[in-house]
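Annotation source TrEMBL lists domain 'Helicase ATP-binding' at 165-338. The Zn(2+) 1 binding site annotation in TrEMBL covers CYS398, CYS401, CYS438, CYS441. Sequence annotations record features per position, and here TrEMBL assigns Zn(2+) 2 binding site to CYS407, CYS410, CYS425, CYS428.
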Amino acid sequence: MLAQSLKNYFNFVTDVFITVALDTPLDTCFDYRWLEDGSQPRNKPQVGQLALVPFGRREAAGIIVEVKGESDVPADKIKNAIAIREQLPPLSARWLELCRFAADYYQRPLGEVAIPALPKNLRGEKSVSLDRALKKLARLDHAHDPAPADAPRLNDGQQQAVDAIAAAEGFAPTLLYGVTGSGKTEVYLQAASRVLAAAEQQGTQAQILILIPEINLTPQLEGNVRSRFPGVPVATLHSGLAEGERLTNWLAAHLGHARIVLGTRLAIMASLPHLKLIIIDEEHDASYKQQEGLRYSARDLAVWRARQLSIPIVLGSATPSLETWHHAQSGRYRQLELRERASQSAVLPKVRLIDMERDKPGEGLTSTLVGALKLRLERGEQSLLFLNRRGYAPVLACDACGWIGNCPRCTAFMVLHKPEHRMRCHHCSLELRIPRSCPTCGNIDLQPLGRGTQRVEEGLQRVFPQARIMRIDADSTRLKGSAQAAFDSVHRGDVDILIGTQMVAKGHDFRNLTLVGVLNPDTALFSHDYRASERLFAQLMQVAGRAGRAGQKEGGNASEVLIQTRYPTHPLYGAVMAHDYDRFASDLLEERRQAGVPPFMYQALLRAEARELQTALDFLQHAAQCTEHEGIIINDPIPMTVTRVSNVDRAQLLAESPSRPALQAFLKAWMAQLRATKTRARWSLEVDPVDI
Ligand code: ADP
Ligand code: ZN
Ligand code: ZN
């Protein structure tokens, strides 16, 4: 009797198979059987759920992309899935579509895109219980809330921008082109508020994604958002979060709980079921480009996502990328402008060039700059010195015999780090003791050449022994929380002179800063990289934008920017002095058009690396010849500028086409062939490379 009913039961049950995307370089998904365990019937698996499966000798978490009644894998070969994470609502079809697009576009397997986009705690072998994370969700809403703040009265430009963004329907990409300090943040916040209110009125749900370029800018924006949206659940997503926090915040987004999600580039891959508006602050910033693994552009994916969902997207910048500028000029993006600074009486700082041939610097500082610093110290105002080079000196050398401190593993100099008593390679992170004498001739008088932030800091201390000087760069802020503490002390007024790298150049709303000094920008003028001038211009405008944001105090100094240069007549500096991004961008765009480079050309870079350079070059040579490529320009393979890193030689090959679809079609066929190629070289492809 019992046997009979069991038999009936089993006959009734049909096999269920799932196809799972796993994080492997193999360009395929994998089938598994999902077994009833006999004693208790289970729920049918759903697409978008996470499954734990055996893979090779390990267990791996994957995403179910298909559920089906049969599989092509023979019955004796197919393995059984181990578990399905039923507690987690499935990832949506929309989200999977985003991953699929990114995988196709960047020529990667789906699993390599989708799985790393999930918090680590969800993709480990061990199933972490979600209970704790879910409990924390409720606390997320009101825990760290600062005092509520009223919105300032918008000026006309801001008001028009907010109205235009809030009124937008469907896919509406908008460039918010506003000078530094013009109050773009305020526009984002009020547009967000309108979108949330409209959803509430319609009885629907809304989520807003705000991307920012630097982790260090998160606290400033998070504080603003929380004080302006009391009680509204806000979640942050960036690589600085502990895993537990990351899981909680990711869940808050995925469950639709968080209404506003703030994050760095990785947040573009968050699951946001009710996404209604995307904002990208400082859209030109290079950090939106992931530079390892899946080398995606968070900005480009954001635009795709807005189109997929038919929602507005705002790209904000004082110095838009030429790609975005081009879209705006040609009418594909709408352009909104904020021409003036928002705070009362605040104007853009005056930019002056200091000719270093005439005013020769001591300690890296010209007498003009020293004088300007002195004025600020006397009046209790803050100054910022910008030098995009960390360490003490980029080279240590011996005058007697010509020895230079090279990294033994890279084609690069070891950088002298004096406070840490170390030589460091910025390419492979090798650390060595500082040699007491020249390893070649024994000379004990080794010379640091050039100047990094540490050396400038030391010089400043000699020139201004009374001043409170703070250095902020990747070295001074290695410890978690130290960057925030440093920025806090600047905001509190505990610092007179701030010296730093690009970390201090962007986004920060310093209120008492009236002087910016730029120490060594000339090298970028003569770079072989055609993007260098675009970057330098943006960088100078951004750092200049830190000065004079609160307006001139009575009896205080007018805000100014002093650029130390050997090329005071260079047109780029002329454009910076005039704060004339329009002219600069339009000229540069025309140059690019004539030179046939992006945004008028679409590119992909094939990189190869091996112990011997020749192995890498041979592979690239083979790649250059292995497939039909009508309409595609394949350039010669060349060694990379820094050829050797960590004892591995690197080379690259650039493929390009004026047609994006043509390039995409070519890449697909090309990748299939290259995957089948046997080589000792390790290789990878980057679509839309920015560093070539
Ligand atoms: P941006 O992002 O454009 O560089 P911010 O959004 O940081 O500029 O704004 C610069 C400063 O101006 C901030 O201190 C901000 O509080 C202030 N601000 C913005 N809008 C207004 C306004 N309408 N009235 C007065 N102050 C404003
Ligand atoms: Zn020597
Ligand atoms: Zn090295």
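Counting begins at 1 with the first residue displayed.
Heads up, the Cβ atoms here are built off N, Cα and C, so glycines get one too.
Curation does not apply to TrEMBL; its annotations are automatic.
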Mean predicted confidence [pLDDT] for the domain 'Helicase ATP-binding' (165-338): 96
Listed in sequence order, residues not in CYS407, CYS410, CYS425, CYS428 with Cβ within 8 Å of the centre of the Zn(2+) 2 site Cβ atoms: PRO408, ARG409, ALA412, MET414, HIS426, HIS427, SER429, LEU430, VAL645, SER646
Binding-site residues (CYS428, CYS438), the one with most neighbouring Cβ atoms at 10 Å: CYS438
Distance from CYS407 (Zn(2+) 2 binding site) back to CYS398 (Zn(2+) 1 binding site), taken between C-alpha atoms, in Å: 15
Top Cα neighbour of CYS428 (Zn(2+) 2 binding site) in the set of binding-site residues CYS401, CYS438, CYS441: CYS438
Whole-number Å value for how far CYS410 (Zn(2+) 2 binding site) lies from CYS438 (Zn(2+) 1 binding site) (Cα to Cα): 20
Sparsest-packed of the listed binding-site residues (CYS398, CYS401, CYS425) - C-beta count within 10 angstroms: CYS401
For CYS441 (Zn(2+) 1 binding site), the one of CYS407, CYS410, CYS425 that lies nearest, given that the binding-site residues are compared by Cα: CYS407
List of residues, in chain order, with Cβ under 8 A from that of CYS410 (Zn(2+) 2 binding site) and at least 6 apart: CYS425, HIS427, CYS428, LEU430, VAL642, ARG644, VAL645, SER646
Fewest-neighbour residue among binding-site residues, criterion Cβ within 10 Å, set CYS407, CYS441: CYS441
